[in-house]
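**Student:** Input: one structure, supplied below.
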Amino acid sequence: MLYDKSLERDNCGFGLIAHIEGEPSHKVVRTAIHALARMQHRGAILADGKTGDGCGLLLQKPDRFFRIVAQERGWRLAKNYAVGMLFLNKDPELAAAARRIVEEELQRETLSIVGWRDVPTNEGVLGEIALSSLPRIEQIFVNAPAGWRPRDMERRLFIARRRIEKRLEADKDFYVCSLSNLVNIYKGLCMPTDLPRFYLDLADLRLESAICLFHQRFSTNTVPRWPLAQPFRYLAHNGEINTITGNRQWARARTYKFQTPLIPDLHDAAPFVNETGSDSSSMDNMLELLLAGGMDIIRAMRLLVPPAWQNNPDMDPELRAFFDFNSMHMEPWDGPAGIVMSDGRFAACNLDRNGLRPARYVITKDKLITCASEVGIWDYQPDEVVEKGRVGPGELMVIDTRSGRILHSAETDDDLKSRHPYKEWMEKNVRRLVPFEDLPDEEVGSRELDDDTLASYQKQFNYSAEELDSVIRVLGENGQEAVGSMGDDTPFAVLSSQPRIIYDYFRQQFAQVTNPPIDPLREAHVMSLATSIGREMNVFCEAEGQAHRLSFKSPILLYSDFKQLTTMKEEHYRADTLDITFDVTKTTLEATVKELCDKAEKMVRSGTVLLVLSDRNIAKDRLPVPAPMAVGAIQTRLVDQSLRCDANIIVETASARDPHHFAVLLGFGATAIYPYLAYETLGRLVDTHAIAKDYRTVMLNYRNGINKGLYKIMSKMGISTIASYRCSKLFEAVGLHDDVVGLCFQGAVSRIGGASFEDFQQDLLNLSKRAWLARKPISQGGLLKYVHGGEYHAYNPDVVRTLQQAVQSGEYSDYQEYAKLVNERPATTLRDLLAITPGENAVNIADVEPASELFKRFDTAAMSIGALSPEAHEALAEAMNSIGGNSNSGEGGEDPARYGTNKVSRIKQVASGRFGVTPAYLVNADVIQIKVAQGAKPGEGGQLPGDKVTPYIAKLRYSVPGVTLISPPPHHDIYSIEDLAQLIFDLKQVNPKAMISVKLVSEPGVGTIATGVAKAYADLITIAGYDGGTGASPLSSVKYAGCPWELGLVETQQALVANGLRHKIRLQVDGGLKTGVDIIKAAILGAESFGFGTGPMVALGCKYLRICHLNNCATGVATQDDKLRKNHYHGLPFKVTNYFEFIARETRELMAQLGVTRLVDLIGRTDLLKELDGFTAKQQKLALSKLLETAEPHPGKALYCTENNPPFDNGLLNAQLLQQAKPFVDERQSKTFWFDIRNTDRSVGASLSGYIAQTHGDQGLAADPIKAYFNGTAGQSFGVWNAGGVELYLTGDANDYVGKGMAGGLIAIRPPVGSAFRSHEASIIGNTCLYGATGGRLYAAGRAGERFGVRNSGAITVVEGIGDNGCEYMTGGIVCILGKTGVNFGAGMTGGFAYVLDESGDFRKRVNPELVEVLSVDALAIHEEHLRGLITEHVQHTGSQRGEEILANWSTFATKFALVKPKSSDVKALLGHRSRSAAELRVQAQ
């Protein structure tokens, strides 16, 4: 099957509690359990209502408790002893065998066995699912010989455990939770509240600890396993390690480099890192190795999860040298990571460089510190608190229970940098290439190939005229990728009858739901392409000789870089060239690849450090080995032979020219790449004046363009550094034979077989025959746009013409002509190789369900108003409403005038930009679709060119006319599966009647993700294929990201069925659907609903010219140009209804032939499809049988949606507030209410706002507000979607997403009276507050977290400090900050403005200056008064001491405020044009 049950992803809630001075108590344990219960909403509950996905505790070894246990049994425990917590097999014989092996290996280490203990448990509290997999749970007590130190024992326990695990590898139920003399772990598949009821030890008051880590898991699987509950042996992790495949690969490659005198037999423990299963456990493995090798927990975590140090100009040079030195020994383990860890002495919390997980801490007077995903997870009195804060991006907070100190990053880093003279070592030993920009002209390089030879090389490497003009020229001229529109409607490489280069067979993987893409445009400060080459050394040995490296800023080499590299004199950098061409008359491609591996191995053994793979030596009979094949095969060989870390793979190739090509080479092991033919080609374009720039500029532009493309590809997967991306193999090989994958691309996902070595050799031969014939011109191409005689396009002119003829005439016979062209086309998609086999029991068409029932299953795909003209957008809505289907608003909002009419879009999309998302928008929806990814460009945000942002479009999107709008790549409130569950909860609270849909894009593992989405209580999942359309997207995204929906749909169907969830969720497919045949095939493969994008647009008149992004659509469909819309748009709704009527008719005819009366009865009927043999040699090697496999349904459960998916949390406080306020809302009466609140009360205010928006609109109750006062800690999304007329006052603090999507009203948050801390130094609200807000006011007397005001489009706010990336993508509103800000302030800010207090005078350094400028407020009198008025209101609403201090010393503070505004804004107009700013313009009484 395509669905792999072993693939599991998880996210969670996590935390730690510790007594700072190390005093053990049962209170610490009890508080940790209480905290876990308060984060139950961050986990998942399975169908039996009692089984969780896993939770657990890691505590200091409870010495007093264990000594009592031993005494009761008559055991004598030595001064130094260990306790192992083991899961054993239920089978008594296997359990006995495991005990015997455990004892043998421990005794081999001269450790003496004290005894075994059955851990007291109460199975009655477990659910059926947990009970069915419950292992035997036992503890083993072990004494150390006299004189052993605890760390010595810990190291020998590590070696013993690894030997035990290797001997018991076949017993899948055996698992060592912990085997340590420092810490102990209790974990399992119960609910958090049941943990002490299951493990009776935890309820025993004698069990004490000064440290306790806790973890609540949310898995994408409904059959979770006991061992995967966390914590692991040292850490608990919330997030996902995006780089895990590369980290595991490098851990294996470095095995021979790990050496330490502390463990002479360390290699007995290899492999050190598990290569399958949980990413968190792999990181725990590596941390354990580093600690065993003598590293302390602080250096180990700074090595694994370093901050973003490369682009920090203010970093201390000594500290920079420390991180630089470390980077030479290990790549970052990168991805969303909130990590808590402990070795028994230290307890620590570490955050990833992007700050993608929340970590809030509270310190109380009794010396307890809690740090967790949320604040408010245990109940303390306000006057007990001495400090509140958060761990920020890249920060490490350490509690040293021995010295009784809390160490923040500044202190730990000060210690680390001073341990060795890193700066001196680096300056003395690291070589750096002379930058291309600094070289004299004669060293820049020039063309080496004459025109004829250049043409031959271009033809051999399959260049096309189209590629020269649309890809290479654009990169050289503009320094960035070309943008295109529409989707990819050409055949996959393996289906094509044209020769295609091997790069075309690889599809980029991308992050969705369980981890986010990151933002290479606005958050580039965390990203780096910096590359070091040389021999790697032993990470456990810090010495000057380990700093011999040669460093440069990008792995893409220019001529001068390559020359410098290959002419180094030192032995450290010895370079030798390996020719990767072969004589086709004497050998084969496959044999050559194997021979290259042999040669490479021999060269590295003989001392080669820079292994240069070159394909320059081609000739008539000499063909190039495709560079990725050579790189991948040699990488695997060198890793297997323990040689990879002594060599670097440099690729001198003609084959790489666009960013995807370089990403493939790097992803499979290349260290650096010299694309000589791309430079030769650009040189000719300069010589022929096709590019009117000098050679140096063009080469630099090209490399900058490739660098940007690499950043984008890495960021799609959430990866920040090239070191972590290298060897990560984050591609699916679609259409490669297993032999090719096995030899060259080991570890890449490949599911359907395909092209063999022989096929590639034949392609190379065919290209060679053409290459050396001077009269044969370079190919015209046709991959990007239709070219007569070139690559087949599914929307070729004939298809477009016949479809438009059919919808205009309304004649079914015309449609049949169109359908014949589509259904009998050359194999273009995988489904084209699956034929429908008519059944023997045909039925009368009158018995088939009517077209009106099918129409309910048809949606038009999301296309925004802005991308489409208003007329086209409304026509789609009218058409779908008239037949009972659904149109989708897309991500650009919708005109409220359309609500309640036949022009309303019944599906409202919520995308990452949140354009126009208000409570009224959401309540006027039957379906709310969360667009996690888009088929044409997964991992990227939407894009609307400035020419299309007219005043009308800007009004709908709450933005500035004429300014390009780019959505962030991630939803900033979805960094994990539990974040998605929270957004679904937010939406269900505001509009309980709407179905919540989640749009995913097909990729390997999408079934696993879809299972998690279903567990997050979505109602509908859309699986989009790579061939979906787009209004504007980089060309490499359109061509190389996303996979066929056939693979994604089948995997998702199999996953949902296998996990017993399919009957609870609807499954939709979209991407390239054109005819009734597509509907039938998609239904058989699992879909019960269908999305159409391009087809309806073509029906409206689109001619598929691919110029949507230029705003000059010739038919007025995809333009905002008044003249084009008025003179050329003829798209009436009847054309769209005709199209769907034709599809429904064809579908019903096919159903009748198949003997099926209801569409849902087709689902899973794969017997009605048969695999065709294929029409080309490559097609014939495809293995599509996995598409026809079905999962075994759970008894009594359907293969399609038959019931609802209600969440366990119904939002009781929300319901209470709405019930009490409803009569007053109906009567438009103001009323005040009071409530207590806790962190489990989430999305408070959403239900009330939804009801107000439904009855009175977004602002209809603003004059008669409902006021609610709360006391305590608010859960996530306090005040989400706040409508005008809702005023929320909170005394206490709040978690993430405060005021998200608020449209009006007021939120005011103040600390409790009598708080001991200063408000502006304490965190009061969490991350991503005011995300997508369009109005209203937020006042908070304290600090906010990361990404405050991201995509703020109109809210006015005052807070007292924020984290990194503040006001990112802001298009409107006013933000006032009375304290410190983090870095990257104002990135992508195109509207609104901000006031920032800059007491230390360094704020300007933390501003992203690309689009904004910083002015002094004291030079702007009206702004000074306006600011003063805002602060006065802040004080009135929150009683802010900070605000009072500033007002009382106004003359001093006024000079310290900066005003940040977009460069495109006129400072004089910032206040004047804002009618809703009138209140702030009052000059307040002083």
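Numbering starts at 1 and runs along the chain as displayed.
From the backbone N, Cα and C atoms, a Cβ is placed for every residue, glycine too.
Here Swiss-Prot flags Cys12 as active site, nucleophile, drawing on sequence analysis. As annotated by Swiss-Prot, FMN binding site applies to 1049-1101, with the evidence given as similarity to another entry. Among the features that Swiss-Prot reports, [3Fe-4S] cluster binding site is placed at Cys1102, Cys1108, Cys1113. For 12-402, the entry in Swiss-Prot reads domain 'Glutamine amidotransferase type-2', with the evidence type sequence analysis.
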**Student:** When the Cα-Cα distance from His1063 (FMN binding site) is computed for each of the recorded positions Cys12, Cys1102, Cys1108, Cys1113, which gives the smallest value?
**Tutor:** Cys12
**Student:** I want the residues beyond Cys1102, Cys1108, Cys1113 whose C-beta is within 8 angstroms of the mean position of the [3Fe-4S] cluster site's C-beta atoms, in chain order.
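**Tutor:** The surrounding set, listed in chain order, is Ser485, Met486, Met1097, Lys1103, Tyr1104, Leu1105, Ile1107, Ala1114, Thr1115, Val1117, Ala1118, Thr1119.
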**Student:** Whole-number answer please: how many Å between the C-alpha atoms of Val1098 (FMN binding site) and Cys12 (active site, nucleophile)?
**Tutor:** 45
**Student:** Given a separation of at least six residues and a C-beta threshold under 8 Å, show me what packs close to Ile1084 (FMN binding site) in the same chain.
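**Tutor:** Listed in sequence order: Leu1162, Ile1163, Gly1164, Arg1165, Thr1166, Leu1168, Leu1169.
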**Student:** Between Leu1049, Leu1056, Val1098, Cys1113, which of the binding-site residues has its C-beta surrounded by the fewest other C-beta atoms within 10 Å?
**Tutor:** Val1098
**Student:** What residues, ordered by sequence, lie under 8 A Cβ-to-Cβ from the residue listed as 'active site, nucleophile' and sit at least six positions away in the same chain?
**Tutor:** Arg42, Gly43, His215, Gln216, Arg217, Phe218, Gln230, Ala236, His237, Asn238, Ser373, Glu978
**Student:** Neighbour count, 10 Å Cβ-Cβ cut-off, for Val1077 (FMN binding site): what number do you get?
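**Tutor:** Cβ-Cβ neighbours of Val1077 (FMN binding site) within 10 Å number 21.
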**Student:** Once near-sequence residues are set aside, which residues in the chain of Cys1102 ([3Fe-4S] cluster binding site), 6 or more away, have Cβ atoms under 8 Å from its Cβ?
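**Tutor:** In sequence order, Val800, Thr1094, Cys1113, Thr1115, Val1117, Ala1118 meet the Cβ cut-off.
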**Student:** Look up Val1098 (FMN binding site) in the DSSP assignment and reduce it to helix, strand or coil.
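**Tutor:** Looking at the DSSP assignment, Val1098 (FMN binding site) belongs to a helix.
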**Student:** Across the domain 'Glutamine amidotransferase type-2' (12-402), what does the pLDDT come to on average, as a whole number?
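**Tutor:** Here the mean pLDDT over the domain 'Glutamine amidotransferase type-2' (12-402) amounts to 95.
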**Student:** Tally every other Cβ atom lying within 10 Å of the Cβ atom of His1063 (FMN binding site).
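**Tutor:** Its Cβ shell of radius 10 Å holds 18 other Cβ atoms.
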**Student:** Write out the long-range same-chain contacts of Asp1070 (FMN binding site), meaning residues 6 or more apart in sequence whose Cβ is under 8 Å from its Cβ.
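**Tutor:** Within the chain, Asp1070 (FMN binding site) has Cβ neighbours under 8 Å at Asp859, Ala861, Gly935, Thr1022, Ile1023, Ala1024, Gly1025, Gly1028, Trp1045, Phe1090, Gly1091, Phe1092, Gly1093.
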**Student:** Between the Cα atoms of Val1077 (FMN binding site) and Cys1108 ([3Fe-4S] cluster binding site), find the distance and write it as a whole number of Å.
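**Tutor:** Cα-Cα distance, Val1077 (FMN binding site) to Cys1108 ([3Fe-4S] cluster binding site): 29 Å.
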**Student:** State the count of C-beta atoms found within 10 angstroms of the C-beta of Gly1091 (FMN binding site), not counting that atom itself.
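**Tutor:** Excluding its own Cβ, the number within 10 Å is 27.
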**Student:** With H, G and I counted as helix, E and B as strand and the rest as coil, say where DSSP puts Gly1091 (FMN binding site).
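**Tutor:** Going by the DSSP assignment, Gly1091 (FMN binding site) falls within a strand, counted as strand.
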**Student:** Which residues in the same chain, at least 6 apart in sequence, have a Cβ under 8 Å from the Cβ of Cys1108 ([3Fe-4S] cluster binding site)?
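**Tutor:** Sequence-distant Cβ neighbours: Ser485, Met486, Ala867, Thr1030, Gly1031, Ala1032, Ala1118.
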**Student:** If H, G and I count as helix, E and B as strand, and all else as coil, what does DSSP give for Cys1113 ([3Fe-4S] cluster binding site)?
**Tutor:** coil
